[in-house]
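**Q** According to TrEMBL, the feature FAD binding site maps to ARG219, 242-243, 256-260, 273-280. Taken from TrEMBL, the feature domain 'Electron transfer flavoprotein alpha/beta-subunit N-terminal' covers 25-184. Under the heading domain 'Electron transfer flavoprotein alpha subunit C-terminal', TrEMBL lists 208-285.
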Amino acid sequence: MLDAPVLVLIDLEDQAGACAPTGPALELLTAARRLSGDVVALCLRAPDAPGAAAIAGAGASRLLVAELGDRSALAADAADAVVAAARAVGPGAILVVSDYRGKELAGRASVLLGSVAVSDAADLEEVDGELRASKLVLSGSWSTTVSVAPQAEGTPIIALRPGAVEAEAQPGAAPLEAEALAVEPAAETAAVELVSRESASAATGPALGEARTVVVGGRGVDGDFDLVRSLAEPLGAAVGATRVACDEGWIERSAQIGQTGETISPRLYISLGVSGAIHHTSGIQGAGTIVAICDDSEAPIFEMADYGVVGDVTEVVPQLVEELERLRG
Ligand SMILES: Cc1cc2nc3c(=O)[nH]c(=O)nc-3n(C[C@H](O)[C@H](O)[C@H](O)COP(=O)(O)OP(=O)(O)OC[C@H]3O[C@@H](n4cnc5c(N)ncnc54)[C@H](O)[C@@H]3O)c2cc1C
């Protein structure tokens, strides 16, 4: 275990009137608990009481709140807050979620702290006082492990991929008293103006990068994303797509998975009418179980699938949905 605290940047989401930590943020707290007995949570706005209880229940022993308002979405502002918290707490490591903002702020904060950043980590452990972070590189064909010594290289910032760790609650946690953290934004940060902010209108269900289950539609669904959603909804899954499906305008570009789209690591990935081109599969190397439904038995997706169905999606998917309904009564 590290003999210094681990600082964790906690993203909050508004759901049904509540302001609570996101699933990936709770995963970070579990990862932090495995590194140190002292876990400090940093929020960029105040969570509500159940949100603070969830943060305590996931293992944080302190809660810092830097009130950034809407600017918390900007990597530069978030990085300034992380740096201010690091100076206040003196952590042995800092964990953030490896999404677009997390990766950018990790790089920026590590420069400001004179330390190192590792992004896209899929695994993280402490060995003899050093941190070892593993990540997939070269389109997922190699796994590499980097080792960082916090004493020698300053406080490392690790951006951990959603789904890398299973969040575990810690029973009997004491409630946390939020401590206000003052953040003095750097001149470069203040020079950036937030013009507007809106969520993608077409997004429904869980966010693609955070979802435990993802159902993906390819060219084989022939534009019928209602078919994809008919399976995604009962599974509580996010809907993804291949580039072809996005190029065709069947779904918004943000749903694209692969080399030039999102990298995902769900527990379960189900593809419908996807051939499995390397440009697509490089984005799913961190997936747990892979299920493919495709009418071409020679399609490369079957080489990496744990379960495969050779068949027409318009016939197989309705049967699958019916079976799910039957099993759930
Ligand atoms: C530089 C570069 C970057 C790229 N980046 C990405 C990326 O980020 N993400 C990405 O996805 N692609 C990317 N691509 C494109 C990629 O190479 C493939 O063209 C694309 O992934 C193929 O998509 P697909 O599987 O939907 O289509 P196809 O390869 O055409 O496969 C469709 C499959 O569906 C099957 N099918 C057809 N009808 C049915 C049916 N009724 N039922 C069941 N199966 C059916 C077909 O037999 C076929 O196997 C990139 C390409 C380049 C050059």
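In case you wondered, yes, glycine gets a Cβ from its N, Cα and C as well.
Curation plays no part in TrEMBL annotations; they are all automatic predictions.
Note that the coordinates shown come from a computational prediction; the quantities given were computed from them, not determined experimentally.
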**Q** Of GLN259, SER275, which of the binding-site residues has the most Cβ neighbours inside 10 Å?
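**A** Its Cβ has the most other Cβ atoms within 10 Å: SER275.
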**Q** Given a 10 Å Cβ-Cβ cut-off, pick out the one of the binding-site residues ILE257, ALA277 that has the most other Cβ atoms nearby.
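**A** Top count of Cβ atoms within 10 Å goes to ILE257.
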**Q** Below 8 Å Cβ to Cβ and six or more residues apart, same chain only. Which residues does that give for GLY273 (FAD binding site)?
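**A** The answer is GLY217, GLY218, ARG219, GLY220, VAL221, ASP222, ILE293, CYS294, ASP295, VAL313.
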**Q** Looking at the domain 'Electron transfer flavoprotein alpha/beta-subunit N-terminal' (25-184) alone, can you tell me the average pLDDT?
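**A** Per the prediction, mean pLDDT sits at 92 for the domain 'Electron transfer flavoprotein alpha/beta-subunit N-terminal' (25-184).
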**Q** In the domain 'Electron transfer flavoprotein alpha subunit C-terminal' (208-285), how many residues does DSSP call helix, how many strand, and how many coil?
**A** 29 helix, 17 strand, 32 coil
